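Working notes, beginning with the structure itself.
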Amino acid sequence: MSASPPISAGDYLSAPEPDALKPAGPTPSQSRFQVDLVTESAGDGETTVGFDSSPPEYVAEPPPDGLRDSVSGGEEAKGRFRVVNFAASSPDAAPAETAQNGDTVMSEGSLHSSTGGQQHHHYDTHTNTYYLRTFGHNTIDAVPKIDFYRQTAAPLGEKLIRPTLSELHDELDKEPFEDGFANGEELTPAEESAAKDVSESKGVVKFGWIKGVLVRCMLNIWGVMLFIRMTWIVGQAGIAYSCIIVIMATVVTTITGCSTSAIATNGFVRGGGAYYLISRSLGPEFGGSIGLIFAFANAVAVAMYVVGFAETVVELLMDSGLLMIDQTNDIRVIGTITVILLLGISVAGMEWEAKAQIFLLVILITAIFNYFIGSFIAVDSKKKFGFFSYDAGILAENFGPDFRGQTFFSVFSIFFPAATGILAGANISGDLADPQMAIPKGTLLAILITGLVYVGVAISAGACIVRDATGIESNFTLISNCTDAACKYGYDFSSCRPTVEGEVSSCKFGLHNDFQVMSVVSGFSPLISAGIFSATLSSALASLVSAPKVFQALCKDNIYPGIAIFGKGYGKNNEPLRGYFLTFGIALAFILIAELNVIAPIISNFFLASYALINFSVFHASLANSPGWRPSFKYYNMWASLAGAILCCVVMFIINWWAALLTNVIVLSLYIYVSYKKPDVNWGSSTQALTYHQALTHSLQLCGVADHIKTFRPQCLVMTGAPNSRPAILHLVHAFTKNVGLMLCGHVRISSRRPNFKELNSDMLRYQRWLLNNNSKAFYTCVVAEDLRQGTQYMLQAAGLGRLRPNTLVIGFKNDWRTGDIKEVETYINLIHDAFDFQYGVVILRLREGLDISHIQGQDDSSGMKDVVVSVDISKDSDGDSSKPSSKATSVQNSPAVQKDEDDDGKAHTQPLLKKDKKSPTVPLNVADQRLLDASQQFQQKQGKGTVDVWWLFDDGGLTLLIPYLIANKKKWKDCKIRVFIGGKINRIDHDRRAMATLLSKFRIDFSDITVLGDINTKPKSEGLTEFAEMIEPYKLREDDMEQEAAEKLKSEEPWRITDNELELYKAKGNRQIRLNELLKEHSSTANLIVMSMPLARKGAVSSALYMAWLDTLSKDLPPILLVRGNHQSVLTFYS
């Protein structure tokens, strides 16, 4: 017996103590979870765990019989784990009744620890057997389990969900509860369902790598090309070039096979073959386009192979004089009968189809062996056909090329389609027992075997058959002046060689002239015909199965409308019966046409396009460097995959250039359609990964780029609150930042309590999704703070990333400053001061009607920040034309404020962003609210012919001029002219106008007019002075009416108050704001937008109330006006 090491403090365990010394622990009903006694091993001869008052020991002898019976009554199963026996060092140390009492997990309210060698028994609330459980099965915290990582319901049942972070981390409920499902002590309903599904799914047919992949790939690669074209290729290209052609094709397919293997081993592969591999790697755009043409190509390939079979049968009938009608119609009849029989095999189930494939493979291999055996048997009767068995002279003669009307690449284009069957196994990935193992092993081995056979046939045919033969017996006399290899056998075939290039040989036999040479060489020629039948039928059968499987996966993803009906599966194997009949219909249509010479190259190019994208998928995923790209197949290389993709594209044009162009046009058209439709899927494709990678890389690169005037972009932090609560400011800022600069929608949630971060995260995702769905190129960010100023300071300091940081603060004008809490005015003005302190520019937007529409449905946040309930539909692009006037809605329900949102399931439906009570009645909008709602949408509409008036009174670096220039360049504003207003002296108006015109020309900014205002400092009208005085009256300190000490105290408590000294000191500046308002009304009352230099107030010298009064006086009763003040860093330059 060997003792285990002492228990460390980190184990949080202590040995049991006598019951009298133990504090009262929780009863089973009081503890939070009820967990049973569990261990992983039991039985005689096994290592079991002993316990007593000393540190635990491991014992090898079996437990006493009494304890065995008392603990569990023998070994029994409970849930997913066994309840087994436990042994003690002595029966006295662990009484039977102690083990029988059951165990209770320590409650969350109690503590249990030990430090050093001392044991703190006071906190130990566990019974003895607590320490004997298998680790991880005595808490709600789950141990690693594969079921937690399934994305959807697994074949073994429903998806299991691990305990959430909230369940483990959040505060306990007041009432403790018992959880019998914690870590699997009992079967959950999902697991019970899984167990039931396992018992019901035993009849499902799943193939291994040989029957599922190797056999199918070999049958598809060994097509009729092996029997009727390989020898002709040797005659044209010679042995050397033929081997090079086979090796080149094999290199392309091997690279593609490695790429396929890499994708297939980068996670669980479902049904769908090439479509599934490409779509889950490159995304739905490429996957959807390839999936459709790949399924169609397989369907038409069925017709190609069946017609090839029918032509061979008709030739045999013609030789025997047994034609039924004529050659063409006989092909149609035989082809129709054949495809019906193949459909019956496919519909019968994958198991029958697999058996048929095995039978056909046996015939095919027998035919190949029949050829090689026959090549060693020299028969005199075959010499007249050019077959002399193996001869060094024939090998030397046939080693080089002898192209007759062909070139190397034309011959290569004829052979390459024979090598395009490598996805036959991957296409039924859903029917494989272990796709991750089967696809790499079966595909690559099939490429190797078939490649060796093709090379063997090329060498064999070139070494024993001459290129031309007459088929006429020789008289075996010595032939003079004969240099051919057949001469020494007494045959002179020199007359067969064409004397003029392009002339057809007069002989009908030999490598050049006879497509049935392999029948001549073979030991038993009918076996070659059987091999041809086997090759064509097996390929047709594989394509007939592949097309519905791929199409079924495409239908289930719902990328194209109207095809979901074909995604339904039947039976235990989820067979796509509707897909089978659709494939049968397509194949039958092309069989009846019986002219496949035009469609054949297109089909080959469809397959090659799929291979190219599979290779590109691996390169793309490797380039993205995503942590999720971890294929277990290591024998791939991203650059080899890129080379494979390029080679596939090159081969497409070699085979047929117009077919390659047509294929690319079809793929591009389908790609554009799927991109436009934007299917609601998220597969974690490499496109997404590369987008992140590029964004990260470029963001880091930007950090090393110094600021320059020419690269300045307005990057705006827009204090919108909830994004659609102030749509007007969102739309206007979007007009000059879209595709130009950054827009960050800032939202400060005011709360003095602990924030609900779960709700905060949910809202962040929801609001960002709303921006995306409404084509607003902006980001949403939210912070929780005790007041608005603190939250805004957080954003001013931390918003953005690297160089993608805001440089301009955009806020709405505070229309209710005179009726609201004056402390909010203090906060508002301090926001402006804070922005300037952080070197931000500041932009303030004011509309007569106001900006905030969130109150229209009565949803005001209790925290003080108004959250959105109404959302304005901006589904059209902000630059698109929208000249139609807004509808005059009479209620919230009928207003365009209702938006289209999406739930987690991706289904769109109409609802407000924040749901309101369904039982609440529809409230008609009053006139003011209707005007507010209409005003909030005015920047969505086409502005028509109007003006954007720029009052550039103070040089702030050019931001006041840049913003209207960017706005006027947008499609909705393109008919608006820019008018510039500047201040100047009456006696030099022309000079100032010419100087400004020169500056604007150097800035390359178009303008329609420049107005120099020489009367800005004229005294304003008395009405304006009176209104201003009445405006500021409630906010005066009136220090003359009180003691100096009391006045100073009041000023310190209420710093927003206006002192008489301050008012007198800034009297001229206040009068200027009144006068400017008069001039604005005079010159710009009909403008579509006014952009004006914002007056500054010195911090600490001008009170908040006085500054607010200036801004109000300057901008009241006007069209939409932007008050702009840059940070006085140049943003415009006339240098190149």
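Cβ from N, Cα, C; glycine included.
In Swiss-Prot, the feature N-linked glycosylation site is assigned, of ASN427, ASN481, to ASN481; the remaining candidates carry no such note in the record. Look at the topological domains in Swiss-Prot: GLY321 and ARG467 end up on the same side of the membrane.
Here Swiss-Prot has ASN220, ILE221, PRO417, ALA418, THR420 binding K(+), and the candidate from TYR276, TYR305, TYR489, TYR491 in that same listed site is TYR305. Site annotation for chloride 2 in Swiss-Prot covers PHE607, TYR611, and the matching candidate from PHE294, PHE296, PHE309, PHE359 is PHE294. Looking up the ranges 328-351, 760-783 in Swiss-Prot, the one annotated as transmembrane segment turns out to be 328-351. Swiss-Prot lists a disulfide bond between CYS496 and one candidate from CYS482, CYS507; that candidate is CYS507. Between ASN475, ASN615, the residue that has N-linked glycosylation site written against it in Swiss-Prot is ASN475. Proximity of the transmembrane segment (209-234) to the transmembrane segment (408-427) is established through 3 or more Cβ-Cβ distances under 8 Å for residue pairs spaced 6 or more apart. On the 0 to 100 pLDDT scale, the model's mean across the topological domain 'Cytoplasmic' (673-1136) is 82. Contact between the transmembrane segment (328-351) and the transmembrane segment (577-595) is supported: at least 3 Cβ pairs lie under 8 Å, counting only residues 6 or more apart in sequence. For PHE607 (chloride 2 binding site), the same-chain residues lying six or more positions away in sequence with a CB closer than 8 A to its CB are PHE294, ALA297, PRO417, THR420, LEU423.
Listed in sequence order, VAL252, THR253, THR256, THR420, ILE422, LEU423, GLY644, CYS648 are the same-chain residues at least 6 apart in sequence whose CB falls under 8 Å from the CB of TYR611 (chloride 2 binding site). When each of 239-261, 408-427, 637-656 is scored by its Cβ pairs under 8 Å to the transmembrane segment (439-462), the top-ranked stretch turns out to be 239-261. Taking Cβ pairs closer than 8 Å, the transmembrane segment (352-376) reaches residues 205, 207, 211-212, 215-216, 218-219, 222, 226-227, 345-346, 389-390, 453, 456-457, 460-461, 464, 518, 521-524, 527-528, 530-535, 537-538, 541-542, 545 in its own chain, all 6 or more past its ends. When Cβ distances are compared across the two stretches, the transmembrane segment (577-595) makes no contact with the transmembrane segment (239-261), since fewer than 3 pairs at least 6 residues apart fall below 8 angstroms. When the alpha carbons of CYS496 (disulfide bond) and THR1059 (phosphothreonine) are compared, the span between them is 118 angstrom. Apart from PHE294, PHE607, TYR611, the chloride 2 site neighbourhood in this chain, defined by C-beta within 8 angstroms of the site C-beta centre, holds ALA274, ILE290, ALA297, THR420, LEU423, PHE606, LEU608, ALA609, SER610, ILE614.
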